[in-house]
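Participant: Checked Swiss-Prot, it gives:
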- 1-318: region 'Interaction with CCAR2' (REGION)
- S15: phosphoserine (MOD_RES)
- S33: phosphoserine (MOD_RES)
- S37: phosphoserine (MOD_RES)
- 64-108: region 'Interaction with WWOX' (REGION)
- 114-290: region 'Interaction with AXIN1' (REGION)
- K137: N6-lactoyllysine (MOD_RES)
- S181: phosphoserine (MOD_RES)
- 254-292: region 'Interaction with E4F1' (REGION)
- S267: phosphoserine (MOD_RES)
- T282: phosphothreonine (MOD_RES)
- 303-319: motif 'Bipartite nuclear localization signal' (MOTIF)
- 323-354: region 'Oligomerization' (REGION)
- R333: symmetric dimethylarginine (MOD_RES)
- 366-385: region 'Basic (repression of DNA-binding)' (REGION)
- K379: N6-acetyllysine (MOD_RES)
- K380: N6-acetyllysine (MOD_RES)
- K380: N6,N6-dimethyllysine (MOD_RES)
- S390: phosphoserine (MOD_RES)
Amino acid sequence: MEEAQSDLSIEPPLSQETFSDLWNLLPENNVLSPVLSPPMDDLLLSSEDVENWFDKGPDEALQMSAAPAPKAPTPAASTLAAPSPATSWPLSSSVPSQNTYPGVYGFRLGFLHSGTAKSVTCTYSPSLNKLFCQLAKTCPVQLWVDSTPPPGTRVRAMAIYKKSQHMTEVVRRCPHHERCSDSDGLAPPQHLIRVEGNLRAEYLDDRNTFRHSVVVPYEPPEVGSECTTIHYNYMCNSSCMGGMNRRPILTIITLEGSSGNLLGRNSFEVRVCACPGRDRRTEEENFRKRGEPCPEPPPRSTKRALPNGTSSSPQPKKKPLDGEYFTLKIRGRARFEMFQELNEALELKDAQAEKEPGESRPHPSYLKSKKGQSTSRHKKIIFKREGPDSD
């Protein structure tokens, strides 16, 4: 009992009388400055402080705990000074070049010869440098080189819009075809161009330009062949809303080294449609019509231009007049006067033809002289009959 009473006489270290001393240990404005406030672990008493509390008394323990501890460098300043990550924009400011560059290896493209039948699924027009193909059909593209590129060379295919107002946009599939279950397990659903029959194809998205491309290793031609053939597929129609939306596109094929340096470049236009043969025939006819020279109207002319048929038709050449004279014996006065009038009409026509083009009517004196020579006696006078109901 004596030991228990002696224990009760000892003041507990964390009683209400010591709360004011603990409160004074807290820094000022602790609530309003969370950055400068120490962590919660520093506010709690450690095991050493508790032992000092019992051994040396509460006053000495509070003085030791109130001593400022060495502050560790806080990474708050470095965190605030770190720049925020840049925002990624959906459009690209750089446009890939579409100029032909054969390079030192003589890189060029080739296509199979095909007609314009309705049953054809892929056809190439040399005059337009344009490929017409159906959706998701095989499009063989031949790669020709004069000398073999070094090992590690790759072939990249990328689609861009042809017109300048659309070049900065990324060519991708429409939302409808993106949701279609036609993936081969390698190509992402938003990529337009795919490689058929090559498991080594890599589908890339550029981190800076966000453009889609497909890369395959370059393989030299097989024995007995002069070129390498890659089979491409176009997975969206040119007329799809939300995708190409009838905007013409170009496919750029580049030959790149193992370090990414450009070895060659070539391009061609592509139209993905339902009837490639019909569309190729129509566009070639329109191209030929546009290539024909059209006559230009004269300057400062307000009159309507004549059609091409009348302006382009060659005018007949004028035949030289015959200068010989012939004598014709005619029986009967009436016949003589009739042949005389016919001869005068022919003479008048020849006189008009000899004059300049600007003078379309003969001179009045010439008509008077011809009229005076006519001595026709069989002139009929026509009288107007007046009926009973006429006014």
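One is the number of the first residue shown, and numbering goes on along the chain from there.
Using N, Cα and C of the backbone, Cβ positions are placed for all residues, glycine too.
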Participant: Using a 10 Å cut-off between Cα atoms, which of these modified residues sit near K137 (N6-lactoyllysine): S181, S267, T282, R333?
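Facilitator: If one measures from the Cα of K137 (N6-lactoyllysine), no modified residues come within 10 Å, so the answer is none.
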Participant: Please report how many Å separate the Cα atom of R333 (symmetric dimethylarginine) from that of T282 (phosphothreonine), as a whole number.
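Facilitator: R333 (symmetric dimethylarginine) and T282 (phosphothreonine) have their Cα atoms 69 Å apart.
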Participant: Sorted by position, what residues of the same chain at least six away from S181 (phosphoserine) have a C-beta under 8 A from it?
Facilitator: none
Participant: Which one is it: of the modified residues S267, T282, which Cβ has the fewest other Cβ atoms within 10 Å in this structure?
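Facilitator: The modified residues S267, T282 were compared, and T282 has the fewest Cβ atoms within 10 Å.
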Participant: Tell me the Cβ neighbour count for K137 (N6-lactoyllysine), meaning other Cβ atoms within 10 Å of its Cβ, over all protein chains shown.
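Facilitator: A 10 Å sphere around the Cβ of K137 (N6-lactoyllysine) contains 16 other Cβ atoms.
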Participant: Between S267 (phosphoserine) and T282 (phosphothreonine), find the distance joining the two CA atoms and give it rounded to the nearest Å.
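Facilitator: Per the Cα atoms, S267 (phosphoserine) and T282 (phosphothreonine) stand 22 Å apart.
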Participant: Could you give the mean pLDDT over the region 'Oligomerization' (323-354), rounded to a whole number?
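Facilitator: Across the residues of the region 'Oligomerization' (323-354) the model's pLDDT averages 85 on the 0 to 100 scale.
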Participant: How many other Cβ atoms are found within 10 Å of the Cβ atom of R333 (symmetric dimethylarginine), counting all protein chains shown?
Facilitator: 10
Participant: What are the DSSP helix, strand and coil residue counts for the region 'Interaction with E4F1' (254-292)?
Facilitator: 16 helix, 14 strand, 9 coil
